[in-house]
Amino acid sequence: MAGIFYFILFSFLFGICDAVTGSRVYPANEVTLLDSRSVQGELGWIASPLEGGWEEVSIMDEKNTPIRTYQVCNVMEASQNNWLRTDWITREGAQRVYIEIKFTLRDCNSLPGVMGTCKETFNLYYYESDNDKERFIRESQFGKIDTIAADESFTQVDIGDRIMKLNTEIRDVGPLSKKGFYLAFQDVGACIALVSVRVFYKKCPLTVRNLAQFPDTITGADTSSLVEVRGSCVNNSEEKDVPKMYCGADGEWLVPIGNCLCNAGHEEQNGECQACKIGYYKALSTDASCAKCPPHSYSVWEGATSCTCDRGFFRADNDAASMPCTRPPSAPLNLISNVNETSVNLEWSSPQNTGGRQDISYNVVCKKCGAGDPSKCRPCGSGVHYTPQQNGLKTTRVSITDLLAHTNYTFEIWAVNGVSKYNPSPDQSVSVTVTTNQAAPSSIALVQAKEVTRYSVALAWLEPDRPNGVILEYEVKYYEKDQNERSYRIVRTAARNTDIKGLNPLTSYVFHVRARTAAGYGDFSEPLEVTTNTVPSRIIGDGANSTVLLVSVSGSVVLVVILIAAFVISRRRSKYSKAKQEADEEKHLNQGVRTYVDPFTYEDPNQAVREFAKEIDASCIKIEKVIGVGEFGEVCSGRLKVPGKREICVAIKTLKAGYTDKQRRDFLSEASIMGQFDHPNIIHLEGVVTKCKPVMIITEYMENGSLDAFLRKNDGRFTVIQLVGMLRGIGSGMKYLSDMSYVHRDLAARNILVNSNLVCKVSDFGMSRVLEDDPEAAYTTRGGKIPIRWTAPEAIAYRKFTSASDVWSYGIVMWEVMSYGERPYWDMSNQDVIKAIEEGYRLPPPMDCPIALHQLMLDCWQKERSDRPKFGQIVNMLDKLIRNPNSLKRTGSESSRPNTALLDPSSPEFSAVVSVGDWLQAIKMDRYKDNFTAAGYTTLEAVVHMSQDDLARIGITAITHQNKILSSVQAMRTQMQQMHGRMVPV
C-alpha cells in the first residue's frame with residue numbers, strides 16, 4: 001500500500017516541478033543559508049528510522065535538472081515517528097533565521113481505510129550546535145518550532161488532472177547564539193513530500209542615504225528590534241551631522257538621521273560625490289551642485305573649488321567665488337574746474353567703463369607746484385580741506401578750500417573700485433592744473449579776554465593761519481548778548497589787541513574779530529562771550545569789611561541752597577515712598593497670576609525657545625518608530641531617559657531636512673507656547689532638541705491618539721458619565737488657557753489627545769501659523785484658512801478670535817464627543833454651513849444626547865459672543881451634571897441618529913400654530929402649502945412624522961428648504977414629547 005502512495009506522490013511531483021525550478025531570485029534583504037534546490041547531487045540528510053520512514057526522491061524538470069525531495073506516506077500504520085534531519089547549517093552571525101518550506105500533502109479523506117492513522121500535519125524542530133559532529137538524531141536535543149499544517153491538500157482527482165496544490169509555509173526561530181544549528185522534520189503519520197527547504201536570515205542591505213554609506217547589517221534578535229547603524233560618508237564628502245539609520249527586523253532601513261555633504265569641488269550625482277567638470281567649480285562643502293565659472297574666469301582641472309580670473313581681471317577679497325571677475329574702471333570723463341579766490345570746485349562724469357562693478361568711488365590727489373617749474377610738485381598737506389571728503393567719494397563733485405593765493409595746483413581725480421589695488425594704472429585718473437586768485441585772509445582762530453573790569457574788556461588774538469597777503473587792519477564787532485546783533489559797535493585797529501571801554505557793569509557782551517587785506521575782509525572769528533564785573537576788582541579782597549561781606553553773602557547763599565535741597569529731597573522721598581508702596585501693592589496683587597507671552601513678539605525667536613522650553617540632550621532620546629507625518633516632518637514614538645529620572649514614553653516631532661529659517665521658527669514656536677502651560681488637561685512639553693539635527697520637540701506620549709478617531713473606533717462603548725468626564729477635562733484645560741489670555745483658535749476633537757486613562761488633553765498650538773495644511777480649513781473672504789465648521793461666526797466674518805470664539809468651538813467638540821466622532825454638519829459644504837448659521841440654524845442633539853448637554857451646546861452657539869458662557873461656568877455646569885447623574889437621562893428619541901436637518905431656534909412654538917398652513921407661513925415656507933394638502937398632510941400630527949424622503953416625494957427638492965422644514969418638524973416633535981412627559985426637564 002505504501003508503495004502505491006509513493007508512486008502516486010512521485011507522479012504528482014512531476015506536475016509541480018515547473019513551479020519550483022524557476023529562476024531562484026530572492027529579495028536583496030534575504031541571505032540564504034540553505035536551499036535544497038541548489039544542492040548538486042543527493043542531499044544526504046539523516047533519517048530515523050533509516051528504512052520505512054523519510055525517503056529521498058529525485059525528479060527531473062523540463063531542463064533535465066534533478067530536484068531532490070523527501071517524502072513519506074506511512075498512513076496505514078499508527079504511532080508514526082519518522083524524523084528527518086538536515087546537515088549542520090552555519091548561522092553566519094544571524095540571531096534569527098527563517099525557514100521556508102514548500103510541500104504537498106495528501107487529503108486523508110481521499111484515502112480509504114486510514115481515518116484512524118492518517119495525519120495532515122508534521123512538526124518542525126531545531127537544535128543549536130557549535131560544530132558538525134552529530135551523526136545521529138537525538139530527539140531530546142531538539143526544540144520544537146511549530147506544527148505545520150497545509151492550506152491545501154491534494155486528492156486522487158487532483159493527481160489525475162495534474163492540478164498543483166503546493167503549500168508554502170515560513171517560520172522563524174531565534175535568538176540563536178551558537179555557531180550553527182540543525183533542522184528536523186517529524187512525521188506523525190502524514191502523506192507528505194518536502195519539495196524544497198530554504199533557510200535564510202534577513203539583513204538591511206548596503207545602501208547610500210544622504211551621501212552616507214550604511215553597510216550590510218544583520219537584523220536584531222527580536223521581531224520588533226531596531227539596530228542603530230552609523231554610516232560613513234562616501235568618498236569626497238564630509239559629515240554635516242552624524243549619519244545614522246535604524247535597521248528594522250524586516251530588513252528595511254528606517255528613520256535616516258544626519259547627512260554628509262560633498263566636499264568643495266565635488267557635487268552629488270547618483271549618490272556619489274563626483275568632481276566638478278572643467279569649466280565648473282564649487283567653493284564650499286554644501287548640498288549645492290557645481291556651478292559654471294562666472295564671467296571672465298575659468299578652471300582648467302576637475303574638482304576646482306574656485307575659478308581663475310582671466311588676464312587683466314581680478315576678484316576682490318570680499319567677492320564671493322560666484323561673482324564675475326572684474327577690472328579697474330577707466331578714467332573719469334569731462335573734468336571741469338571752477339576757481340574762486342583760494343577755493344576750487346571740481347566736477348566730472350562717471351567713467352565710460354566701470355570694470356563690471358558697482359562699487360565705484362573717487363579719490364582726489366592735490367599737488368602744489370612751483371611757478372617756475374610746474375613739473376616740481378609736492379603734496380598739498382593737511383591744511384587743505386575737501387568737502388565732502390578727499391577719498392572714497394560717491395559723488396562726482398568736490399569742493400577744495402583753504403588753498404594759498406596766487407599758487408599753482410594740480411588736481412588728479414582717480415576712479416577706483418574693489419579691484420583697483422591689484423592693477424593701479426594712470427589710465428584710471430584725469431587731472432587739471434589751476435592757479436588760485438588773490439584772496440581775503442582766513443578767519444582768526446583764537447580770541448581771548450585778557451582783563452575784565454566793570455566798564456571795559458581787554459582783547460587779544462592771533463594772526464590768521466592764512467593771511468593771503470599783508471594784514472592791513474583788524475575789525476572788532478561787539479554787542480550786548482540780549483540785543484543779539486540788533487545793535488552793535490565796530491572798533492578797528494592795526495594791532496592784534498585792543499581795549500573796549502564804555503561798557504555797562506554786570507552785562508554779557510559778545511565779541512567777533514576779523515582781518516582785512518587788499519583783497520578784502522576775511523570771515524569773523526567764533527563768538528567770545530564776556531560778562532563785566534559789578535564792583536571794581538581791587539575792592540574784592542581788600543580789608544576786613546569786604547571779607548565779612550563776602551563771607552556773609554556766601555553763607556546766606558549756602559544756607560538757601562541747603563534749605564532748597566532739603567525740601568526737594570523730602571518731596572522726592574515722599575513721592576518715592578508712595579510710588580514704592582504702590583509698586584509693592586501692585587506686585588502683591590499680581591503675585592501668582594501668569595499671562596501668556598506670544599513668542600512672535602521676541603526680536604530673537606530663539607530667546608523665546610530658551611526661556612520657555614528645556615533643552616534636552618539628543619543622547620537621552622531613543623526613537624522607536626514612525627507613527628505619523630506632520631506639517632514639518634515625521635512624528636515618532638520613543639523613549640526619554642534623563643539622568644536621575646525614570647525612563648518615559650514620549651512623542652517626538654522632527655523637523656525635516658532642508659528647512660528654511662521661517663519653518664524652523666514656526667516649528668519651534670509651538671514649543672515656546674506649550675512650554676508656558678502646566679495643566680493636567682494640556683499636553684505637556686518635555687523639551688526640545690535644537691543643538692543638533694534633526695531639530696525635535698518632545699512631548700508626553702498619548703496612547704489613544706486623537707479624540708475623534710478614538711471615539712469612532714469605540715462607537716457606543718462609553719457611558720454618558722464617561723463622555724461628560726472627557727468634556728469636563730477639555731473644559732478645564734480651556735479654562736486654564738483662557739485665564740492665561742491664550743486663544744486657541746483651532747479647538748476640535750482632532751486636536752484633543754487621549755491617554756490610556758481616558759484623560760483628554762488640549763494640543764496643537766500652531767494656529768498662529770495659518771492652517772494651510774489643515775484638511776478642515778477653507779478660504780474666507782479675508783484670505784487665510786480657518787476651520788469653518790468649528791469656528792464662531794464673528795471669527796469667520798471678521799477674523800475676531802477671542803475666548804468666546806473658543807467657547808463656540810467647544811460646543812462643536814461637545815457635539816463631536818456625544819455623536820462619537822461624527823463630522824459636524826455632515827456632508828454640507830462650507831458655504832452652506834456659513835449660510836445656515838447666519839440664518840439661525842444649529843446642530844440637532846446627537847443620538848441619546850441628554851437634554852442638558854444639548855442645551856449647553858446651544859448656549860455655546862449663541863450668536864452674540866457676550867451671551868456665551870465662560871469656560872469657568874461650563875466646568876461648573878459639567879461638575880453639577882456629574883454629581884447629579886439623574887439629570888443625564890436620555891432624550892425621547894433613541895431609535896436612530898438624527899437626520900441632516902439643523903435646528904432653528906427661531907422656529908415657532910407648537911402651541912402658537914393650529915394648522916399646517918399657519919406653520920408653513922410661520923417658517924416662511926407657505927409656497928409649499930398646496931404640496932402638503934395634495935399629499936394629505938393636513939394636520940400637524942401627520943407632519944411631525946415626515947422624513948426627508950417624504951418631502952422629496954411631495955415635490956420639495958431644494959436641499960436648503962428640506963433642511964429648514966425638517967428642522968422645524970424636529971422642533972415640533974420635541975415639543976410634543978415634552979408636553980407628553982416623555983423627557984425629564986433639567
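Heads up, residue numbers simply count up from 1 along the chain you see.
The backbone N, Cα and C atoms fix where each Cβ goes, and this holds for glycine too.
What Swiss-Prot records as phosphotyrosine, among Tyr521, Tyr596, Tyr659, Tyr736, is residue Tyr596. For the ATP site, Swiss-Prot lists Ile627, Gly628, Val629, Gly630, Glu631, Phe632, Gly633, Glu634, Val635; matching the candidates Lys614, Lys653, Lys662 against that entry yields Lys653. Between Tyr298, Tyr488, Tyr602, Tyr825, Swiss-Prot assigns phosphotyrosine to Tyr602; no such entry appears for the others, which is not proof they lack it.
If you compare Asn340, Asn931 in Swiss-Prot, the N-linked glycosylation site annotation sits on Asn340.
Under the DSSP three-state reduction, Tyr928 (phosphotyrosine) is assigned to helix. Taking H, G and I as helix, E and B as strand and the rest as coil, DSSP gives the domain 'Fibronectin type-III 2' (440-537) the counts 3 helix, 44 strand, 51 coil. Around the Cβ of Asp746 (active site, proton acceptor), a 10 Å sphere holds 23 further Cβ atoms from the protein chains shown. Rounded to the nearest whole angstrom, the C-alpha distance between Asp746 (active site, proton acceptor) and Glu631 (ATP binding site) is 15. In sequence order, Val635 are the residues near Val629 (ATP binding site), counting only same-chain partners six or more apart with C-beta under 8 A. Neighbour counts were taken as the number of other C-beta atoms within 10 angstroms of each residue's C-beta; across the glycosylation sites Asn235, Asn408, the minimum falls on Asn235. When the Cα of Ile627 (ATP binding site) is compared against those of the recorded positions Asn235, Asn408, Tyr596, Tyr602, Tyr928, the shortest separation belongs to Tyr596.
Shown for the domain 'SAM' (911-975): DSSP residue counts in helix, strand and coil, namely 45 helix, 0 strand, 20 coil.
In three-state terms derived from DSSP, Val629 (ATP binding site) belongs to an extended strand segment. Cα of Asn235 (N-linked glycosylation site) to Cα of Glu631 (ATP binding site): a distance of 34 Å.
In the three-state DSSP assignment, the secondary structure recorded for Asp746 (active site, proton acceptor) is coil.
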